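Record features, source TrEMBL:
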type	residues	note
ACT_SITE	HIS100	active site, tele-phosphohistidine intermediate
ACT_SITE	GLU203	active site, proton donor/acceptor
BINDING	99-106, 112-113, ARG149, 203-206, LYS214, 230-231, 274-275	substrate binding site
SITE	HIS273	site 'Transition state stabilizer'
Amino acid sequence: MAATTIHQAVGTLQSCRSNGNSGLCPDYGHVSLRSVSKGFKVDVGLLRGGSYCSKKRSTCVIQASASQATVFDAVSAASSANTSDSKKKTSEAALILIRHGESMWNEKNLFTGCVDVPLTKKGVEEAVEAGKRISNIPVDMIYTSSLIRAQMTAMLAMTQHRRKKVPTIIHEESEQAGAWSQIFSEETNKQCIPVVTAWQLNERMYGELQGLNKQETADRYGKEQVHEWRRSYDIPPPNGESLEMCAERAVAYFKEHIEPQLAGGKNIMIAAHGNSLRSIIMYLDKLTSLEVISLELSTGIPMLYIFKEGRFIRRGSPAAPSEAGVYAYTKTLAQYRQKLDNMVQ
């Protein structure tokens with residue numbers, strides 16, 4: 001019965017208008033922002049020259065869950081809406097969280113923390129699969145950590161998106177780097193997605209455990225001690241960060257930089273790490289310190305949230321691009337998907 005209802009609802013979806021200007025069905029025109037002087041913080045956005053401004057950066061990711069919900073009411077009469085309706089702001093925005101795929105130190109069973117190592121072949125495949133799962137969900141901005149494994153995951157995932165926009169990393173490490181990376185074509189700008197890298201979204205710093213073999217460390221210090229370092233909320237490893245300390249920086253960055261973008265109707269993807277994403281999920285789902293330490297995040301499995309009326313609503317993990325009813329589409333998400341279907345017909 002539920003499956004029949006889902007298919008009937010999906011079958012009636014109407015296309016989203018290409019000139020909608022916010023929320024889950026965004027305007028694909030140039031995004032502008034007032035210019036700012038060097039050294040000032042601004043909310044993320046594209047400047048006239050094509051460079052992206054965000055003085056303080058950070059990234060975070062969230063694990064996917066298998067939770068599902070019913071499909072919202074099918075879209076009706078979308079194609080008959082007038083021009084003024086198309087300019088109304090939606091009250092919804094999508095938030096996608098992805099933990100990076102397997103890294104080369106994951107494969108070797110080493111504590112990685114903030115050491116910057118790339119993905120393995122399996123990690124690359126996980127990132128590509130994550131991209132397939134979110135290929136029908138709009139993405140206006142991407143946040144990643146400053147570590148290459150998170151950045152690789154975001155970039156590889158976006159190669160699978162049906163919109164075919166190009167993720168472009170914003171370089172603000174120097175005035176020259178910003179100037180040299182500007183895009184001077186307005187048309188090209190429309191087909192780009194700004195990517196902000198932020199150290200605040202980095203994995204938890206594992207201190208003196210970084211680079212050590214996990215099994216050898218357990219043999220040396222005892223399984224209970226290592227488990228306490230890895231899974232307790234407020235006990236850090238030697239000269240490292242606890243989950244509580246990681247949460248302080250990751251959640252603060254999310255609230256200051258990312259949440260305002262969602263409130264403005266921007267659809268956001270965050271590619272980050274197990275602990276920085278656990279911290280963010282703790283905030284989104286209002287988990288206690290006891291609940292968050294048991295939260296396990298799968299590599300390369302995206303989690304979808306809908307930000308609506310100041311609240312975060314978990315929608316679970318998209319299972320595949322062809323299964324429209326697997327997770328809870330909102331009306332606007334359904335419109336966006338139908339628009340993509342019409343583009344390739």
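Just so you know, glycine gets a Cβ as well, placed from its N, Cα and C.
TrEMBL entries are annotated by machine, without manual review.
A sphere of 10 angstroms centred on the C-beta of GLY113 (substrate binding site) encloses 21 other C-beta atoms. Candidate recorded positions: HIS100, GLU203, HIS273. Nearest to GLY113 (substrate binding site) by Cα distance: GLU203.
Ranking the recorded positions ARG99, HIS100 by how many Cβ atoms sit within 10 Å of each one's Cβ puts HIS100 at the top.
Least packed by the Cβ count within 10 Å, out of the recorded positions ARG204, HIS273, is ARG204. Between the alpha carbons (Cα) of ARG99 (substrate binding site) and the residue listed as 'active site, proton donor/acceptor' lies a span of roughly 10 Å. Put simply, of the recorded positions GLU203, ARG204, LYS214, HIS273, GLY274, the one whose Cα is nearest the Cα of HIS100 (active site, tele-phosphohistidine intermediate) is HIS273.
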